Every structure is written in C-alpha cells, then in structure tokens.
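Below: one structure, written as structure tokens.
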Number of protein chains: 2
Amino acid sequence: MIKKIEEQFLQYVKKMMSYNEAIQLMYWDLRTGAPKKGVEQRSEVIGILSQEVFKMSTSEEMAAFIAKLSPKHEQLSEVTRYTLEECKKEYERNKKIPADEYKEYVVLQSKAESVWEEAKATADFALFRPYLEKLVEFNKRFIEYWGYKGNPYNTLLDLYEPGMTVDVLDEVFRKLREHIVPLVQEVAASPNQPETSFLFHRFPKEKQRAFSLELLRELGYDFAKGRLDETVHPFAIGLNPNDVRITTRYDERDFRTAIFGTIHECGHALYEQHISETLIGTPLCTGTSMGIHESQSLFYENFIARHYSYWKRNYPRLQQYAPEQFSGVSLDAFYRAINEVKPSLIRIEADELTYPLHIIVRYEIEKGLFNGTIEVKDLPEIWNDKYKEYLGIRPDNDAVGVLQDVHWSGGSFGYFPSYALGYMYAAQFKHAMLKDLPHFDELLEKGELTPIREWLTERIHRFGKTKKPLEILQEATGEALNADYLIRYLEEKYKAIYQL
Amino acid sequence: MIKKIEEQFLQYVKKMMSYNEAIQLMYWDLRTGAPKKGVEQRSEVIGILSQEVFKMSTSEEMAAFIAKLSPKHEQLSEVTRYTLEECKKEYERNKKIPADEYKEYVVLQSKAESVWEEAKATADFALFRPYLEKLVEFNKRFIEYWGYKGNPYNTLLDLYEPGMTVDVLDEVFRKLREHIVPLVQEVAASPNQPETSFLFHRFPKEKQRAFSLELLRELGYDFAKGRLDETVHPFAIGLNPNDVRITTRYDERDFRTAIFGTIHECGHALYEQHISETLIGTPLCTGTSMGIHESQSLFYENFIARHYSYWKRNYPRLQQYAPEQFSGVSLDAFYRAINEVKPSLIRIEADELTYPLHIIVRYEIEKGLFNGTIEVKDLPEIWNDKYKEYLGIRPDNDAVGVLQDVHWSGGSFGYFPSYALGYMYAAQFKHAMLKDLPHFDELLEKGELTPIREWLTERIHRFGKTKKPLEILQEATGEALNADYLIRYLEEKYKAIYQL
C-alpha cells in the first residue's frame with residue numbers, strides 16, 4: 001500500500017520536474033538567441049507552465065501525499081524521504097501566504113524590476129524607493145507567516161542557505177572585515193603595484209573562445225553533457241546532470257572577462273554535471289544551496305584559475321593565442337596583473353580581496369532592514385558611508401551605489417551572503433583537500449585536474465540536495481564554518497604579491 | 001453562459017498549445033545542438049508533456065466542451081468555431097482507437113523506426129518486412145475504426161490533406177505521368193546536356209552561410225522572428241508566428257544543397273511567419289495542410305530560385321562569394337547546370353522534372369497496399385519495376401529502393417502525395433499570381449520580392465488552418481486542382497533548356 005503511494009508520489013514529482021526542465025530550456029533559449037519578436041509569446045508559455053508547477057506543488061493531491069507518506073517516512077527509500085521533505089517545505093511555504101497577497105506580490109516584483117531598471121539608468125533612488133519599501137514590507141509579513149527562530153532575517157537566509165543564521169554570519173563577517181579592511185589599505189599603500197596595461201590589448205573573440213574551450217576541456221567540463229554559448233550576463237544552467245550549459249561574455253579589450261567568467265561558470269557546471277543520476281526527476285537533483293554552489297564556481301575561478309601554478313602551465317598557451325600581446329610579458333608580471341587589487345564601487349567587477357567587503361555591506365544593510373534598525377529611505381546614505389568605511393571610496397551617485405544590483409528589485413533578500421559564504425566554504429574545502437592531495441600545485445602545473453574534480457564530486461557534487469550545506473561542509477572538512485582559511489589564503493597571497 | 005464556456009474552452013486549448021510550443025522548442029534544441037548525453041532524459045520530458053497534451057485532447061473535460069459548444073456553434077466567434085472543429089476531429093480520431101491498441105501501435109512505431117534504420121544500412125528488406133506488415137495492418141484497422149468514404153486510402157490522405165481523394169489523385173497523377181515520362185526520355189536523349197563539373201568545387205561553409213543569409217533577407221525572411229542553424233536533416237519549425245526557425249546543411253563540395261535547401265525551408269517559414277497573430281494559442285496557428293505547406297516551399301525553391309531572372313540578379317553576387325569557381329562560367333551555363341535533369345534513385349536528390357515520378361511510385365504502392373491489390377512482401381519487386389518503367393533506372397539494392405524513406409517506418413501512409421500536390425498547387429498559384437503581378441520576372445530580377453510574398457500572405461499564409469486546402473486553392477486561383485499548370489511549366493522550361 002505505502003509502496004504504491006510512494007510510486008505515485010514519485011511519478012507526480014517527476015511530472016513537475018519535467019515541466020521545470022522544459023521551462024529551464026526555454027529560459028536558456030530566451031537568453032542565448034531566441035528571436036526577439038518571439039519573446040512575448042514564449043514568456044506566456046513559460047508563465048503557463050510555471051503556474052502549473054505551482055498548482056501541483058500546492059494541490060490537494062500534494063497535501064494528500066504529504067499526509068499519507070510523512071507518518072511512514074521510515075518505510076520510504078532515502079530519495080523519497082528527502083523528496084518528500086523538500087515538497088513539504090515548499091508546500092508549507094507557499095500555503096502559508098494568502099493567495100491574494102502572493103498574487104499582489106508577484107505583480108509588485110515584476111513592476112519593481114522594471115522601475116529599478118529605470119531608476120538605475122537615471123541614478124534616481126527616489127523612483128525606486130516606494131517599491132523597495134513595499135518589497136521589504138511584504139517580506140516582513142512573509143516572515144511572520146513563515147515564522148522565525150532567533151532573528152527574523154534568519155528565515156530569509158534559510159531560503160538560500162538552509163540552516164544559516166545571523167549569529168554565525170555576524171561572527172564570520174566581523175572576522176573577515178577586521179582582516180580584510182586593513183589588508184586592502186596596506187595593499188593600496190604598497191609601492192609595488194603591478195603593471196596592468198598589457199591586459200587591455202585587443203584580443204579577438206574567436207581566439208578567446210578557442211582558448212576558453214581548451215581550458216574547459218582540461219578542467220573536465222564534459223561537452224557531451226554541455227555547450228558554451230555567448231550572452232550578455234553569463235550563467236550556468238543545469239537542465240539535468242547530462243545537460244548542463246554555460247555561457248560567457250567576450251570583451252575584446254579585456255580577455256579576463258571571458259576567461260575567468262567561463263571558468264567560474266565551469267565550476268557551477270561541474271557541480272551539476274556530477275550530481276548522481278539517481279536523483280533525476282526529483283527536486284534533489286540540483287545544488288544543495290546557493291552558498292555551496294558558489295563555493296564550486298569560486299574554487300575554480302580563484303583557487304585554481306588565479307593560482308600561479310595554473311598559469312605556469314597555461315600562460316605559454318595563452319601567449320600562443322595572443323603572441324603580440326604577451327610575448328614581452330613574463331609569467332610573474334602576468335600573474336601579478338591578473339591578481340591586481342583595486343577597491344571599486346561595483347561588486348561584479350571586484351577583485352578577490354575586496355569582494356567580501358561588497359557582500360558585507362549588503363548583509364549589514366539587509367539585516368538592519370529586517371530588524372527594524374535601518375529604513376529604506378536612509379539606504380543611499382548608509383550604503384555610501386559603508387563603502388567609504390570598508391573600501392575607502394564613496395559612490396558619487398546611486399547607480400554605482402545602492403541601485404547597482406538587481407536582487408532587491410525581485411524581492412531577493414538573504415541571497416547576498418551566499419556569495420561570501422561560498423568563498424569561505426571554498427577556502428575551507430581547499431584546506432581539507434590539501435590533506436588528501438598535498439601536491440595540489442603540481443597537479444595544476446601538470447594540468448592533472450581530475451583528482452581535484454573527483455575530490456569535490458565525492459564529497460559535494462554527487463549528493464545534490466540529499467545533504468544540507470552545513471552537513472556537507474562538516475563532513476568534507478571535519479569542522480563547522482571557519483573564516484580563518486579564507487583570511488589566511490588572502491593574507492598569504494596578497495602579502496606576497498604586494499611584497500608587504 | 002455560452003460566452004463563459006467559450007472562454008474556458010479557449011483557455012484550455014491555449015494550455016495545450018503552450019505545452020506543444022515547449023515540446024517543439026525541445027525538438028528544435030535536440031536537433032540543433034543539445035548535448036548528446038542529455039538526449040535520453042530530454043526525450044522523457046518530451047514524452048511526459050506529449051502524454052499530457054494527448055490526455056487533455058481526449059479528456060472528459062474536452063468531451064464536455066464539445067458537447068456544450070457544438071450545438072451553439074453559430075453563437076461562437078469564428079476562431080472558436082474552427083478551433084472546436086479541430087479539437088472535435090482530433091478527439092474523435094483518438095477516441096475511436098481502443099487505448100490498448102494505440103499503445104501497442106506507439107511501441108511498434110518506435111521499434112519499427114530503429115529496425116528500418118538497420119534494414120536500410122544493410123539493404124535488408126526481409127528484416128523490416130514484418131514490421132511494415134504490422135504497420136499496414138494497424139492502419140487498416142484504424143481506417144475501419146475511423147470509417148471511410150469511397151476508398152479506404154482516402155482516410156489516410158485526409159490526415160495530411162483534408163478533402164483529398166483517390167479519385168482526384170488518380171486523375172492528376174495519370175496526367176503528370178503521361179507528360180513527364182516521355183519528357184524525361186526526350187531530355188535524356190538530347191545532345192544538349194549542360195556542363196556541370198564547375199558546380200562541385202570546394203565552396204567554404206562560412207561563405208555559403210553568408211550568401212544564404214543575404215538571400216534569406218532579400219526573400220523577406222524576418223530574422224527578428226527566426227534564425228538559421230545547421231542540422232543533418234534541414235527543416236523549418238514554427239513555434240509561433242513570431243518564432244519560426246530554419247536549418248540547413250552545408251556540403252562544401254556542392255553548394256546547391258545549402259542554397260536551394262535554405263530557400264526551400266524559407267518558403268515554409270514565410271508561411272508560418274505570416275499566419276495571423278490572432279490565431280496564436282489555437283490549433284489553427286499552423287499551415288492548413290502538408291500540401292499547401294509544400295506549395296510554399298516549392299514556390300520559393302523552384303518558381304523563384306530556379307528561375308533565370310532570379311539568377312540574373314543573384315549570380316553576380318554568388319560569383320563574388322566564390323570568384324574562382326564561377327568567374328569563367330556564364331549566367332546561361334550556370335542556369336542550365338542548376339536545372340540539370342538526371343533520373344536518380346533517391347527522391348530527396350531528385351531534380352524538378354523527375355521529382356513527381358518518385359511521388360507517383362509511392363502513391364501507387366500505398367494505394368495498392370490499402371486496397372488489397374499489393375502485399376508488403378512484393379514491395380521491392382514492384383518498387384524496382386516502377387522505377388524502371390517511369391524513370392528508366394532500376395535500384396540494385398533496397399537501400400536505394402524501397403527502404404530509402406523514413407515515412408513508412410513511422411506509420412505515415414498518405415503523406416507522400418502532399419509533396420506532388422504541393423508542386424501542382426505552386427504551379428497553379430504561380431499562374432494565378434501572374435494575372436496580378438504580370439511583371440513577375442522583372443520583380444525577381446530587381447530583387448523586389450515583397451509583392452510576391454504579400455500575394456501569398458493575402459491568399460494563403462494569414463488564414464492558418466481557418467480555411468481548408470482546397471478552399472484556399474479555389475479562392476486563390478479560381479479553380480479546383482489542375483495539373484496542367486505544372487505540366488506546362490515543366491514542358492516549357494525543359495524544352496528550352498534542352499533545346500527540344
């Protein structure tokens with residue numbers, strides 16, 4: 001009896017996941033080359049399918065599955081058990097918000113995003129302010145509906161990083177700030193600044209693409225399970241573990257955009273390509289959290305592709321693709337140039353060292369908004385003050401300040417910390433990996449990247465969502481979140497580069 | 001009351017059509033570049049969505065819509081009325097076949113297709129024969145379930161060309177055969193054979209693509225509503241009128257494959273791009289029949305792109321793309337070469353003149369199978385005899401004979417005549433068009449193709465499925481199907497080229 005219900009439940013979920021896969025492919029297509037006059041009708045198709053998935057996730061049928069299966073959970077297979085848990089979480093989250101209120105919120109989101117675009121284009125925070133206020137209000141009400149433990153903001157964090165709390169973040173972000181802020185200042189004051197002008201020569205797109213493909217293959221990205229396309233905003237998308245696509249953007253005056261961007265997305269893609277195939281057709285067949293996902297992209301982008309040994313192998317190849325640009329530049333000069341630190345106003349253009357500070361600014365503001373210590377009207381001022389304090393520079397308009405990111409306009413609060421968490425996780429994974437692969441640097445130098453990828457697959461990738469992020473971290477590294485590894489990495493690396 | 005049911009019905013249908021659009025995009029993706037290891041899972045997703053559409057088309061809800069709306073059809077909008085008619089036809093067709101039997105048939109189809117592939121590869125008809133026999137048996141039973149008027153084969157013809165009958169086809173195909181067979185013989189005996197060796201120089205793919213894009217733009221293909229990709233088997237696919245994609249294949253040793261193939265698909269695409277947008281979300285938003293669809297592709301491929309005046313304009317451009325290949329070849333020599341007639345065994349490689357004979361062979365065989373005068377076991381012999389009789393050549397194995405086409409392996413009987421019908425329609429449209437656009441040749445020469453496309457849109461494209469094929473033909477040309485126009489076109493053209 002229970003087996004039959006279990007089977008029906010899995011079929012039901014598989015149908016939802018199939019619709020999701022179709023929706024994802026339509027998104028990929030819209031972003032990579034769908035004819036522009038077809039966008040409106042395609043968006044309607046996406047809307048109709050999404051609505052169907054939403055209906056299924058909150059239907060009476062779903063309620064019945066949850067009611068029948070939950071009490072017998074010890075009789076279910078492991079996959080069913082975790083799937084049921086995910087579905088239940090989703091069901092409760094969606095059911096607790098009154099339908100009318102949710103509908104109003106969806107309309108607000110889409111309106112707010114287009115107003116934000118205009119506000120950003122004209123650097124006019126006042127235009128966006130009433131929308132942002134409403135978005136915050138809605139989310140405050142949602143937190144009340146959903147309930148919270150300790151701090152209201154925890155509920156939002158949990159959406160992206162299950163189990164993460166303000167208590168933990170306050171502690172790690174304080175540590176990061178205390179170490180990074182003075183280090184950035186020391187770096188800025190160093191007389192040993194890298195020469196970078198050679199980075200900006202014209203590097204034709206086709207050659208950047210050819211080099212990117214070569215690097216991707218070596219990193220282990222499986223082209224029989226993926227493809228590389230071009231988009232304005234690069235992304236990785238996992239349709240299923242056997243179809244994980246990435247995109248990149250080519251700047252002919254700065255090859256770093258494509259190379260480091262592609263490798264970043266490759267990190268995300270390697271995660272999705274190596275999730276166990278047994279999870280296909282369930283909501284478990286994806287990364288376990290935003291933070292763990294970002295740890296994989298940052299591991300590849302920073303801990304591999306900004307490493308000296310990686311370029312010891314790959315710089316001569318790069319030189320072949322652009323001999324005029326690099327023939328007179330030594331490996332050491334190249335390495336220092338691609339690791340230049342320069343405090344900037346824009347998060348997505350930030351270097352490795354200053355990046356966490358951008359996230360800390362956003363974390364502190366979000367926490368304040370949901371704890372009632374910060375009001376939306378004061379955001380520009382607070383934002384600018386924090387940039388001045390942490391990064392030493394002050395935005396002279398809100399387009400390069402508080403209006404720069406799309407996240408809040410879509411009502412995504414609690415997402416930003418994932419970026420910095422991912423970075424800390426990556427450093428912690430690297431530290432643990434060194435115990436098993438002490439010759440890590442040598443592997444990079446030889447282009448033997450398989451053992452590294454396998455280490456990550458064994459401990460992270462294959463589980464999909466069957467393990468929680470903090471469980472993965474604990475089991476892979478033997479300890480809870482520890483900011484020291486990232487701090488140590490940054491201090492050692494940048495003290496050497498800037499000869500401090 | 002009736003208005004409310006009408007509204008619900010249209011919403012219901014819109015959902016089915018949205019699923020179909022998603023399915024179509026997944027097919028396009030599978031054929032153009034989906035990662036190969038993802039194919040299996042994607043096929044499953046397509047299966048799940050297709051099953052859902054099938055369920056909806058045969059559901060009790062659909063039955064209720066039909067029952068409630070049909071008696072009040074004069075109160076419905078025109079679009080609803082035709083939509084209802086389509087849904088009813090589909091409903092009855094699907095409901096009349098017992099579910100178990102249909103399921104068995106679907107399994108047989110997919111098995112038969114893979115067996116056919118192997119049989120073709122090894123030229124082994126005996127391997128395919130039992131499957132083909134079963135496919136014919138199933139279709140005979142379906143005809144019994146569905147009923148037929150006059151001739152059992154009419155029911156199959158009606159699937160692809162609503163209203164078409166054996167009586168009509170017997171007459172037009174007899175005429176075609178009587179004129180084309182002797183003409184082909186005369187052509188073969190002519191001492192004035194064109195020189196064609198220059199066609200086969202190496203013509204790089206990128207240049208073929210650039211030239212194709214230029215031609216497509218001039219023909220009026222709207223790239224804001226479409227795109228051109230590369231596939232092994234070229235096709236056009238209309239996701240909706242604002243997203244109609246085409247694909248082509250490049251043969252670097254024969255540029256004609258890509259150029260004429262692209263223009264052929266462009267003809268299909270122009271049809272789909274110009275269906276009235278008011279039909280989006282209904283089953284009326286596509287070509288009215290296979291024959292009318294083919295008339296558009298053949299109009300562009302043959303009546304435009306194999307016309308002397310078209311190359312008077314475009315040959316100098318082609319020469320610029322491949323100067324070495326064509327600099328010593330006159331326009332006249334080029335025109336004669338691309339219109340060479342050469343009886344061949346393979347339908348898809350046939351020239352304009354012999355093409356209808358390939359279709360007539362298939363028509364006569366299909367009709368015989370469903371009238372009980374031909375048995376599957378005798379097919380290779382009958383096929384080969386007919387090729388010898390009509391085309392003067394005899395296949396020396398079944399791979400280039402009866403096994404060459406995929407259609408029968410999927411159970412598609414009654415489809416082939418559409419190809420020749422489309423050709424006759426196209427000639428008849430051309431004749432009618434000349435009354436409105438007497439300077440047709442001049443328009444081609446000047447590259448002014450808009451009036452031609454507009455003529456077709458006005459009389460054919462915009463209606464989608466709201467007019468039946470024979471209605472369109474009658475209204476656009478003032479008469480019923482008449483094979484004379486095609487015969488006259490072929491006789492005049494080829495007598496001139498071969499100086500008969």
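The backbone N, Cα and C atoms fix where each Cβ goes, glycine too.
Per TrEMBL, Zn(2+) is bound by A:HIS264, A:HIS268; the candidate from A:GLU252, A:GLU277, A:GLU294 named for the same site is A:GLU294. Excluding the listed site residues A:HIS264, A:HIS268, A:GLU294, the same chain places A:ALA236, A:GLU265, A:GLY267, A:HIS293, A:GLN296, A:SER297, A:LEU298, A:TYR300, A:GLU301, A:GLY422 with Cβ atoms within 8 Å of the centre of the Zn(2+) site Cβ atoms. Annotation for A:GLU265 (active site, proton donor/acceptor): same-chain Cβ neighbours under 8 Å, separated by at least 6 residues, are A:PRO234, A:PHE235, A:ALA236, A:ILE246, A:THR247, A:THR248, A:SER297. Using a 10 Å Cβ-Cβ cutoff, A:HIS268 (Zn(2+) binding site) registers 23 neighbours.
Long-range Cβ proximity for A:HIS264 (Zn(2+) binding site), meaning a same-chain Cβ under 8 A and a gap of 6 or more residues, is found for A:PRO234, A:SER297, A:LEU298, A:TYR300, A:GLU301. The Cβ neighbour count for A:GLU294 (Zn(2+) binding site), using a 10 Å radius over every protein chain in view, is 26.
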